[in-house]
Amino acid sequence: MAIFVQFAIGLVFGLGLILSGMSNPAKVLNFLDVGGIPAGTWDASLAFVMAGAIAVTFVGFNRVSKLARPFFAERFYVPMRKDIDPKIVIGPAIFGIGWGLAGFCPGPALTALGFGSISAFIFVAAMCAGMVLARFIAQLPSSTRAVTPADPLET
Amino acid sequence: MVVTPFTPIASLLGGALIGLSAVLLMWATGRIAGVSGIVARLFPPYQDREFTGRLVFVAGLVAAPVLVRLVTGSFPTQTIEAGAAVLIVAGLLTGFGTVWGSGCTSGHGVCGLSRLSVRSLVATVTFMAMAIATVFVTRHWS
């Protein structure tokens with residue numbers, strides 16, 4: 001049951017990416033292209049994607065957090081970290097360059113796979129390689145850090 | 001470059017669907033709908049038993065355009081201008097950066113910001129600024 005529900009939730013996410021235009025890299029790049037404002041080619045649509053999404057999650061997370069526990073799990077797994085370490089700047093800076101080069105972030109790239117696109121396949125394969133590399137480096141013993149987080153991906 | 005039409009209504013509704021999905025995932029599994037985190041955890045080292053749930057969530061993402069095609073008869077518009085070499089570099093940077101920075105557009109940009117997370121705000125401002133700078137360089141400095 002939980003499996004079918006999680007599939008449906010992923011499907012809703014993917015339909016949202018398609019309807020919003022996020023699954024089209026040309027649209028994403030035209031949003032990021034503030035240099036296109038004078039020429040009139042800037043596409044502001046993606047600001048509306050973020051507004052629509054955050055409006056729903058802001059209210060929805062609040063409601064859900066009042067429940068005793070999730071429907072299919074024992075407890076909530078919500079990130080509690082508040083520290084600003086170098087990784088929270090360096091990681092997104094690297095990701096931003098990748099996003100700006102191709103117009104793909106992880107969700108839309110996966111949805112683009114369903115279009116049967118070879119380009120999306122190439123991007124996703126490289127993305128997975130980058131993820132595996134980062135996870136490998138993150139779990140190497142470090143002399144500069146005394147305590148290794150239990151999960152290097154914890155937001 | 002390809003000029004794209006301004007679609008505020010469709011984008012707002014599509015965004016609301018993305019938000020709905022994130023709320024439903026929190027309700028069902030108690031976890032953040034961060035796509036980079038979900039994909040990265042499909043690879044070892046494994047720290048929990050959520051592999052199947054993550055795999056079917058990703059399968060749902062991939063199935064969305066197939067469903068749209070079944071219903072409407074055609075795929076939605078999609079234009080990928082980058083060549084293979086750029087796609088490989090961009091994919092590596094995206095994969096590495098999202099794991100190093102603990103999230104991407106969905107985990108930090110949507111879920112994190114709506115939870116008023118300071119780390120997510122720092123991350124979102126940083127990747128937006130770098131993406132805008134990258135597009136400015138590739139489109140206007142040549």
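Placement of Cβ uses the backbone N, Cα and C atoms for every residue, glycine included.
Sequence annotations record features per position, and here TrEMBL assigns transmembrane segment to B:6-30 (among others).
Annotated transmembrane segment per TrEMBL: B:51-72 (among others), in sequence order. Outside the transmembrane segment (B:51-72) by six or more residues, the chain places 25, 29, 35, 38-39, 41-42 with a CB less than 8 A from a CB of the stretch.
Long-range contacts of the transmembrane segment (B:84-104) within the same chain, counting only residues at least 6 positions beyond its ends with a Cβ under 8 Å from a Cβ of the stretch, are 34-37, 40, 112, 119-120, 123, 126-127. Per TrEMBL, transmembrane segment is recorded for B:84-104 (among others).
Annotation comment: TrEMBL describes B:116-137 (among others) as transmembrane segment.
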For the transmembrane segment (B:6-30), give me same-chain residues lying six or more residues beyond its boundaries with a C-beta closer than 8 angstroms to one of its C-beta atoms, as numbers and ranges.
50, 53, 57, 106, 110-111, 114
